[in-house]
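To start, the structure under review is shown below, and the notes come after it.
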Amino acid sequence: MNTNIKWSLPAVCFVWQLSMIILFGVFVRYNEESDTHWVDYRKENNITSDIENDYYFRYPSFQDVHVMIFVGFGFLMTFLKRYSFGAVGFNFLVAAFGIQWALLMQGWFHSLDYTDGKIKIGIENLINADFCVAGCLIAYGAVLGKVSPVQLLVMTLFGVTLFAVEEYIILNVLHAKDAGGSMVIHTFGAYYGLSISWVLYRPNLDKSKHLNGSVYHSDVFAMIGTLFLWMFWPSFNSAIADHGDGQHRAAINTYLALASTVLTTVAMSSLFEKTGKLDMVHIQNSTLAGGVAVGTAAEFMLSPYGSLIVGFFCGIISTLGYIYFSPFLEEKLKIQDTCGIHNLHAMPGVIGGIVGAISAAAATNTVYGDLGLENTFDFTGPFAKRVPTIQGGYQAAGLCVALCFGIGGGIFVGLVLKLPIWGDPADENCFDDEIYWEVPEDEESVPPILAYNNHMIPNKHADM
Amino acid sequence: MNTNIKWSLPAVCFVWQLSMIILFGVFVRYNEESDTHWVDYRKENNITSDIENDYYFRYPSFQDVHVMIFVGFGFLMTFLKRYSFGAVGFNFLVAAFGIQWALLMQGWFHSLDYTDGKIKIGIENLINADFCVAGCLIAYGAVLGKVSPVQLLVMTLFGVTLFAVEEYIILNVLHAKDAGGSMVIHTFGAYYGLSISWVLYRPNLDKSKHLNGSVYHSDVFAMIGTLFLWMFWPSFNSAIADHGDGQHRAAINTYLALASTVLTTVAMSSLFEKTGKLDMVHIQNSTLAGGVAVGTAAEFMLSPYGSLIVGFFCGIISTLGYIYFSPFLEEKLKIQDTCGIHNLHAMPGVIGGIVGAISAAAATNTVYGDLGLENTFDFTGPFAKRVPTIQGGYQAAGLCVALCFGIGGGIFVGLVLKLPIWGDPADENCFDDEIYWEVPEDEESVPPILAYNNHMIPNKHADM
Amino acid sequence: MNTNIKWSLPAVCFVWQLSMIILFGVFVRYNEESDTHWVDYRKENNITSDIENDYYFRYPSFQDVHVMIFVGFGFLMTFLKRYSFGAVGFNFLVAAFGIQWALLMQGWFHSLDYTDGKIKIGIENLINADFCVAGCLIAYGAVLGKVSPVQLLVMTLFGVTLFAVEEYIILNVLHAKDAGGSMVIHTFGAYYGLSISWVLYRPNLDKSKHLNGSVYHSDVFAMIGTLFLWMFWPSFNSAIADHGDGQHRAAINTYLALASTVLTTVAMSSLFEKTGKLDMVHIQNSTLAGGVAVGTAAEFMLSPYGSLIVGFFCGIISTLGYIYFSPFLEEKLKIQDTCGIHNLHAMPGVIGGIVGAISAAAATNTVYGDLGLENTFDFTGPFAKRVPTIQGGYQAAGLCVALCFGIGGGIFVGLVLKLPIWGDPADENCFDDEIYWEVPEDEESVPPILAYNNHMIPNKHADM
């Protein structure tokens, strides 16, 4: 197979980046809070202090989300012994392209100023762009080590486009709520990636089996990713929640769900190993499932124990997924899922959608307060007459939309990526940085037995 | 020794997590700033903007503290060559359990709403839970590599309980101030861990001496922990300080104390090595001593040069501790202190308590202003008549309480942990991830000399 | 050569730290927002809420900048196979000293209260101290592995001093704007380091050529540095920008410029390798060039597409620099630049200065609004009559000042560092941690070929 990407990769990067510049030139401008006219806007609107600029409500969360996207997702995938450059490097490339395209796609749907036809951006757009890219990075997890960077860029181009459409349908048309994106981000992203991986099934992948595993230090690197995702997940789920109690509550709920997940993950990991030892794969991944599953309901009055319960079950289900479901997926359904995104994002995402639907349907004026209920679910404007039970139905509908876009979009994009023009690696070269990276000659990493064969025999002969 | 934890670890995790869910269900609710009724509360209390929700005062510090707990403490302990999984993984487990139990224990003492008997939580509770867990993670440093995860969970259960009681006595009964927890967190946590280690003394620990040390890359991993602790320590000491100047000043004092400590640590490390070389153990640990020691006084008018002085001496004392005191502790007092927490937390913590007492006693209306003095020391309500010199005495009393709880509690918990039911490793298996983790087969890490003996001799014979 | 620093390093650390304490004692106090009198100040000035304390506007950015200085710069330099301790450790030492000296030097110029002759510090001073140190850490990149820690401290002492003077001239005398420090930090720092490296030219540096490269894991460590710099750069460029729209816009512009740079860096890296493979050196460094180049103009109305354009070209130029210009610098100009700071900081810094001058000169009332123009460029007080075109000229003058201070200062300091008293390593010992650090005996890292020669031959003989 030809894995030379000397022309295709630079061409795609240059052309797409130039397109971004042109489209931004035509469409994208600062919004009233990031424009120098803010000083006038403040005066006209009796805003008493600069601190009420949305920037100060959201910037700390934004930076945490940014860390999750680039360090969190990137390092989580460094667990493979010889694919750390690809994990962290291609994650970097794909996310850097994706956030630009997402600003445009989401901008057209959500931030278009009809008076002048421009997209007006501020801090919330940056967060949403990061969110949108998260969906594509989740999908990357399923195909890690098996695709070329050009394929990843194509996956991202289509992924962001599909994301913006399903997001618009779910949030605006159906008026479902999904602050932490259990449906919009995780369910969509995971099924998108799994479907692509299904179409790109490699029957002879075990030719590179020796590289599809970790070494001691690569597992420690992966824990950097795990922990930054885990720690900053409260910021993820609260980043675009309502000012005030909305952000506050979303952070608390996520903090609790994640804590609970860690304990049940450890319990299951120990219980299902013969000698009670822990498996790093579970610790690196399943501990995060609670954050995914509490995404939709994070800003609702889920209550602290509700969050703990969600985390409790997700730790169990996600770990069981790694133990039983991943082998089943690969052998029976022919889905090769390198990072196990089915267990970390797909199942918890669906659970999150269901939890969201139920907790929305169960919302009452007693618990929320009249004003609180209206605020939390935005029962205003055209949705002023909607009641919680109906809202629950629309939430469930949103979950179905995310599933359909993920599976349908993934199959379509998978077929595109099957074309023999993208420079993907041969079965025996998967999970190997050598294909796309200049890898340093690494004295340390030469297994002694090879060193013996390659270098030592001549020496030995000379010696004798 | 039986290190099989296949039943004990899952059982403890499941039962305790279920207990947490039940207790949270009975006791824990959102407070008025994280509840949907905030929108009503705002109107009733003439709060002009959502930005005055406590969330925005404390969330950035909270996330920094969160990073310190999970990445800071976790990676600081990865320095051992084959215990990085245990360092970062058990730290993760213990902290995830501890924060839940801390929310309850601290809640009953500090956040109980007597009108309905519920604990009402908000962002400050999350920070305090992280703080409480920090005490237990400090204690973990003393026993790193020598205990089972079940023992760590038991240590944490008791540790959090003791913490909540001593904290209540120190902060509420004695009305001592301790924003950064020199006494409440560091002194207590360190003596708690050292006492446990004393009770669990292993006379034959040198059987696993070959694993009680670092390799090149494990030292670099540990620097990730060091630096995130060092950088975010200003957030730690300011996280629950008073709004406005209190948080502002605490951050400045900590920033300065830590900078000063780095220089004297480097100086001492170089001075006491034969050839002037630096020792990574000192750089990884003693550079943090200034942050510990400035904890209590961080929100006082310690003045910038006062902070530098505290840092100056702590760098010296802590490094001397590693050079002279740690061997003494081990040989004479039979305290085996894997991470040297005596030098990083115990001595600087006590110094911090003393600095706090002195600077409180020396506070004057001239320096603080009338209103400032009242605000800083909360000389209101039942404490309206207290004066600085008296406050100094209560601060000193607080230090004694922390010491007593640490030592007494540690001895008690150590005796509990001595029971032969916890699955702790044999002397020859300490500091070894193999006992509790599935460790990947790691071609790289086979020492060549072993490789030669194991694999090469047959080859060689075949060759000849 | 004598690399014993047993007396010189401790002496310098102790004497300088003591000097800091004395100077802080004489000069440095809290400002009105970090002093207990804030509570009075608030009342007197009708400040309605503690949240309007500058601390809350800037603390999140400050912590991000702090991470860039200590983890970002530190880990970016860990790429060398056996100089990771020196990279991250000396970076730590130098920065900890530098921030103290910077608080004084910048304080005398910018924060001196003439009523009592004291420097009054708050959160903005801490950020500026970090910024000032960034200039010296950039310079460290050019001499990495070739100097002793004592030399680094001397470089920092002079570097901070020169920085404070050039900064005063550029920002106050010329009244140029430079929020992200393209000129003040990057241009100055880079030429300062390159000039020092030029004076310290080592003709026989290839004696340690075998250590002047990376291994697999050291490249992954370096990506930690790269990513934290990349992610937090929006905070860097916005940290001291104007409250409100200034900070908001600076973050958006930097976010976009950096995203664009990643794509063109990847494109160029692939295009110029024979087989289209990517080079980690480019990914680690050139991806950051856009952040440097957008520094000056970050708070201007550069517009989103303007930021993308700046990033686009900087990715190209910086990568070309690594491919063509670095070898040229070394062979023809005799400048040995270990980290390639010419490509990452010098060229993008100069571009940033020019972009700033042009965009300032092109500013109009239509785009900025009357009030916005006045606010953004501080056309008040003695500068009330300045117009944009004139401002553009002063911006350009500022760039020249930065260049002159960098080159002139660097040559002077280089000559000082050439004195044979600083304990720098011999040519054959460069890039080797063994010289200044106790390096753990590292079974893993013994190259098998050496192991064969050292250990195995005796065994082999015994065997026969």
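In case you wondered, yes, glycine gets a Cβ from its N, Cα and C as well.
The domain 'Ammonium transporter AmtB-like' annotation in TrEMBL covers A:55-421. Computed over the domain 'Ammonium transporter AmtB-like' (A:55-421), the whole-number mean pLDDT of the model equals 96.
Counting same-chain residues at least six beyond the ends of the transmembrane segment (A:7-28), those with a Cβ under 8 angstroms from any Cβ of the stretch are 97, 100-101, 103-104, 107-108, 117-119, 121, 148-150, 153, 157, 421-423. Taken from TrEMBL, the feature transmembrane segment covers A:7-28 (among others).
Per TrEMBL, transmembrane segment is recorded for A:83-104 (among others).
Within its own chain, the transmembrane segment (A:150-171) is flanked in space by residues 5, 8-9, 12-13, 16, 90, 93-94, 97-98, 101-102, 105-106, 108-110, 132-133, 135-136, 139-140, 143, 177-178, 183-185, 188-189, 192, 196, 398, 401-402, 405, 409, 412-413, 416-417, 422-424, which lie at least six positions past its ends and keep a Cβ under 8 Å from the stretch. Under the heading transmembrane segment, TrEMBL lists A:150-171 (among others).
According to TrEMBL, the transmembrane segment annotation covers A:183-201 (among others). Long-range contacts of the transmembrane segment (A:183-201) within the same chain: residues 131-132, 134-143, 146-147, 155, 159, 162-163, 166-167, 170-171, 176, 292, 295-296, 329, 333-337, 341-342, 344-346, 348-350, 352-353, 356, 398-399, 401-403, 405-411, 413-415, 417-418, each at least 6 residues beyond the stretch ends and with a Cβ under 8 Å from a Cβ of the stretch.
If one looks beyond the transmembrane segment (A:221-240) by at least 6 residues along the same chain, the residues whose Cβ comes under 8 Å of a Cβ in the stretch are 58, 60-62, 64-65, 67-68, 71-79, 84, 124, 127-128, 131, 179-180, 214, 246-248, 250-255, 258, 280, 283-285, 287-288, 291, 294-295, 298-299. As annotated by TrEMBL, transmembrane segment applies to A:221-240 (among others).
Taken from TrEMBL, the feature transmembrane segment covers A:252-272 (among others). Counting only same-chain residues 6+ beyond the ends of the transmembrane segment (A:252-272), those with a CB under 8 A from a CB of the stretch are 180, 230, 233-234, 236-238, 278-279, 282-283, 286-291, 293-294, 297-299, 302, 304, 306-316, 318-320, 323.
Long-range contacts of the transmembrane segment (A:305-325) within the same chain, counting only residues at least 6 positions beyond its ends with a Cβ under 8 Å from a Cβ of the stretch, are 252-254, 256-265, 267-269, 272, 279, 281-282, 285-287, 289-290, 292-294, 297, 340, 342-344, 347-348, 351-352, 355, 359. Marked as transmembrane segment by TrEMBL: A:305-325 (among others).
Under the heading transmembrane segment, TrEMBL lists A:346-368 (among others).
Under the heading transmembrane segment, TrEMBL lists A:396-417 (among others).
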